[in-house]
Amino acid sequence: MYQINENYQKLPGSYLFSTIAKKVNAFTQANPDKNIIRLGIGDVTQPIAPAIIEALHKAVDEMADPATFHGYAPDLGYDFLRNAIVKNDYQARGCAIEADEIFVSDGAKSDSGNIQELFGPDIRIAVCDPVYPVYVDSNVMAGRTGTYNPDTQMWSNVIYMPCTRENNFVPEFPKETPDVIYLCLPNNPTGTTITKAQLQEWVDYANKEGALIIYDGAYEAYISEADVAHTIYECEGAQTCAIEIKSFSKNAGFTGVRLGYTVVPKDLKCNGVSLHDMWARRHGTKFNGAPYIVQRAGEAVYSEAGKAQLKEQVAYYMKNASVIKTGLKEAGFEVFGGVNAPYIWLKTPEQMTSWDFFDYLLENANVVGTPGSGFGPSGEGYFRLTAFGTYENSVAALERIKAL
Ligand code: MLT
């Protein structure tokens, strides 16, 4: 008789966005006449930029010709894409990352979930609270998080770093020393971020304590303030303590195209063992490379036309962020984020729980958002709206909310 991985049984409920989708589907079935505005999951709504579509078409045509056909991609990524990433995302910012430190993948979500395979079963992770659920859930599946307390909504072997309005959403160094620290900056879900000087303190802390930082930079393209780092490798010493995960979903609209990459510097060693070599070994065994046509699309993200078009797309979403933020403030809400990230984080009114507010908004304004408590216990009493909707829907949603 086979046995299952019992750790899966420990996971409370389903994945946050699946739960929301189920609730919204039930509401739509019961109220087919209602026009729902979805500002829940951070899924993009604008079409892929023309320069990228052109590259995709060209790559598809190449696949039709025996002379230019491509089979398996190199498992770590095509050089044309790794070189474009390094030149634009790192060397242009003065970071000494090299092309062979870039591991191209099918997206940041997979990498965020898979990266924990590199660590021992007894390590202790630290996460911001609230947090993108993938970091914790993937460690639960690996049996690393201890037991779950439904009252506190906390795992016994996870170190939580509360990020609330009381500390300006800036995580503080935990009392107990973690082995691996997950940081997502600019932050999902709070839409807030920290300065480069504050990030440098985390890098110094990790190097001092012998900890590793998993740095999720999925929302980097939305940074608007000058004192915010665009990559953790802008901080001195990051190459000996940090892995960076990047996505093409949010900066280039690839949520349905799927492309991401992870940087594992060669200087990153644990007791003399190279994490770069381990990740290369894992990639080689478990991954056959992102599709050629998608990697060509990724390359076009860095073309002059691609960069100009994506700058406009980011500005479009940030205009939505501003509409949502301003509208909420006018309606009397306490609002955070939305300046360096496409998420707006609000305090629920009248002591409502996050899920009560979710139901209230769905039923009375037919607007879908994400309950803050779904991201962790310190998210209770908060709520997230995404700026990734259309402009028209963002305006309409705010009109409905203001009218409540
Ligand atoms: C979110 O809404 O938090 C994100 O879209 C989820 C993701 O990127 O996987």
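Keep in mind that glycine also has a Cβ here, set from the backbone N, Cα and C atoms.
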In TrEMBL, the substrate site includes Y15, G42, Y132, N188, N288, R384. Which of K109, K208, K266, K269 does it also list there?
K109
TrEMBL records A108, K109, Y132, N188, Y219, S247, F248, S249, R258, N288 as pyridoxal 5'-phosphate-binding residues. Which of Y72, Y78, Y317, Y360 is assigned to the same site?
Y72
What is the interatomic distance between the Cα atoms of K250 (N6-(pyridoxal phosphate)lysine) and Y15 (substrate binding site), given in whole Å?
20
Which one is it: of the binding-site residues Y15, G42, K109, Y132, whose Cα lies the shortest distance from the Cα of Y72 (pyridoxal 5'-phosphate binding site)?
K109
Among the recorded positions G42, K250, N288, which have a Cβ atom lying under 6 Å from any atom of ligand 1?
G42
Of all the binding-site residues here, Y15, Y72, Y132, which one's CB has the most other CB atoms within 10 A?
Y132
Applying a 10 Å Cβ distance cut-off over all chains shown, what neighbour count does N188 (substrate binding site) have?
25
